[in-house]
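S.K.: As annotated in Swiss-Prot:
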- 1-59: transit peptide (TRANSIT)
- 72-213: domain 'Helicase ATP-binding' (DOMAIN)
- GLY85, PRO86, THR87, ASN88, SER89, GLY90, LYS91, THR92: ATP binding site (BINDING)
- 214-388: domain 'Helicase C-terminal' (DOMAIN)
- ASN309: N-linked glycosylation site (CARBOHYD)
Amino acid sequence: MAVAAALLRRRALYSALASPSWLHDTSSCYICSISGTHSLVNHPNLRLQRGYHNSGKFDLTDLTHPHIWYPNAREKKRNVFLHVGPTNSGKTHNALKRLEASSSGVYCGPLRLLAREVAQRLNKANVPCNLITGQEREEIEGAKHSSVTVEMADMTTEYQCAVIDEIQMVGCRSRGFSFTRALLGLCSDELHVCGDPAVVPLIQRILEPTGDVVTVQYYERLSPLVPLKTTLGSFSNIKAGDCVVTFSRRSIYMLKRRIEMGGKHLCSVVYGSLPPETRTKQATMFNDQDSNLNVLVASDAIGMGLNLNISRIIFSTLEKFDGICNRELTVAEIKQIAGRAGRYGSKFPVGEVTCLNSDHLPLLHSALKSPSPIIERAGLFPTFDVLSLYSRLHGTDFFQPILERFLDKAKLSPDYFIADCEDMLKVAAIVDELPLGLYDKYLFCLSPVDIRDDISTKGLIQFAENYAKKGIVRLKEIFTPGTLQVPKSHNQLKELESIHKVLELYVWLSFRLEDSYPDRELAASQKSICSMLIEEYLERSGWQQNGRKDFLQKPKRLHQEYDASQLRKYFQEIDVRSK
């Protein structure tokens with residue numbers, strides 16, 4: 001019974017809110033007697049899985065029937081409604097109206113920005129709604145609704161209504177498994193699933209063995225999207241409401257400077273490594289008709305999660321570096337970005353789209369006329385309990401070799417693929433050097449570390465090392481509050497963005513190992529200061545003197561836009577530093 005006791009102790013130690021619930025989708029398991037040298041778990045999922053085999057032992061690497069992993073959902077005959085259509089078609093709006101009208105429910109989105117937006121919408125409609133993301137918890141007394149990032153969705157709570165947004169992300173190599181888990185596992189009478197029509201055949205196949213009733217509702221775009229026959233031409237043709245899209249930090253700031261040098265426009269910027277709060281603030285200033293920031297320069301981060309009043313999308317290029325090589329944008333990527341132009345009920349109801357380079361126009365026009373390629377497979381990833389049992393069967397707590405072996409042996413149906421674990425394996429190699437248990441290693445491997453960012457990676461290593469040595473990690477041992485300053489160059493800006501990632505990592509860990517990472521409030525306040533300083537840099541960088549002077553008529557604007565308590569902390573630290 002040693003395995004049983006260990007699993008139960010671990011499970012008691014970590015509550016549902018302390019970690020993403022999908023870590024323990026097998027948390028309802030009952031431990032049975034153990035015979036011989038192998039430990040068998042009499043979990044409903046594994047019990048059902050055994051029914052698919054005639055052998056006398058379980059095959060933990062058999063992932064061919066993932067719908068049986070969620071017995072609570074299988075006890076229901078769910079009514080599943082697929083709301084599918086292009087950007088700006090109203091598909092998500094209709095699903096959210098049903099969520100508002102339900103007695104209990106959950107919204108599962110791909111981004112914190114979307115989760116926060118939905119929580120605010122429901123609370124404004126007098127429907128108390130919690131916000132739960134990897135880095136945030138805002139719980140409302142008496143709330144029966146929650147808005148969560150998809151990884152945080154709870155498979156054990158029963159809801160009247162659940163909504164999954166951007167379901168086409170089941171095909172994402174890195175995060176698709178979280179959407180698959182929500183699709184198969186949410187225990188809800190009604191499940192409303194929103195996304196691209198390209199995912200419909202796959203969803204229908206996946207849900208067929210569940211017994212759920214599936215209804216598909218197709219939507220058309222509410223406002224026209226017009227692909228232009230000519231390129232932008234000169235940058236002097238930039239006009240208010242334009243969004244120039246490019247795919248690297250360097251080119252974003254280069255284009256921003258070039259546009260502002262014309263003396264007619266000031267630019268907001270949005271890209272992935274900006275803090276979410278900064279992205280929201282930049283989008284708000286772009287949307288504000290009283291602001292002089294009437295042009296947006298952005299990456300594909302605008303594809304989802306931000307409400308933007310864009311009149312025209314201008315692609316500076318139709319190629320991007322995907323972490324491995326430069327490649328052409330896919331049809332789905334082009335349509336997702338282009339679709340942000342024009343917004344029903346906004347100042348720009350008709351959207352336009354063009355390019356800087358005339359050689360790119362044929363690809364742009366072809367992509368907009370084409371249906372998105374059908375999504376063939378959905379992502380899967382084993383839960384911690386499965387990997388824990390697998391490691392015990394092989395007599396090792398080294399996570400990297402266990403994960404590699406499991407992935408090599410995993411058996412899948414044609415509708416699924418195993419999630420891309422390249423980054424996870426790199427983190428596993430780091431934490432395997434430390435005296436940590438398997439669960440802790442697994443947790444660090446799931447953490448939001450940017451393994452391609454040196455500062456972010458060093459932060460993870462220090463957090464893990466201090467945790468392994470002392471069991472408690474004080475933020476001040478790694479990071480000195482009061483040392484942050486407004487960046488003076490792009491390199492310093494990038495460094496500040498990386499520091500923000502490290503602080504976010506600390507907050508993430510503090511929600512899962514609360515006693516060991518006790519400085520959540522300090523990390524959160526420093527995170528807010530990072531965002532403030534980045535925004536101050538964006539206000540200073542590249543603006544023409546007259547335009548900047550014109551815009552900053554209210555010198556206290558920055559002060560007014562931040563929570564007063566955060567500002568007090570910030571300026572107290574500045575005072576201490578000056579002494």
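A Cβ is built for glycine as well, from the same backbone N, Cα and C atoms used for every other residue.
Keep in mind it's a predicted model, so treat the numbers as computed, not measured.
Each of these features: where is it, how hidden is it, and who are its neighbours?
M.R.: Less than 8 angstroms from the CB of GLY85 (ATP binding site) sit LYS91, PRO197, TYR218, TYR219, GLU220, ARG221, each of them six or more residues away in the same chain. The secondary structure of GLY85 (ATP binding site), as reduced to three states from DSSP, is coil rather than helix or strand.
For the recorded site, ASN309 (N-linked glycosylation site), the DSSP three-state label reads coil. A C-beta separation below 8 Å, combined with a sequence spacing of at least six in one chain, links ASN309 (N-linked glycosylation site) to GLY241, PHE286, ASN287, ARG343, SER346, LYS347, PHE348.
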S.K.: According to DSSP, which of helix, strand or coil covers GLY90 (ATP binding site)?
M.R.: coil
S.K.: Please work out the number of neighbouring Cβ atoms within 10 Å of the Cβ of PRO86 (ATP binding site), leaving out its own Cβ.
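M.R.: Taking all protein chains shown, PRO86 (ATP binding site) has 19 Cβ neighbours within 10 Å.
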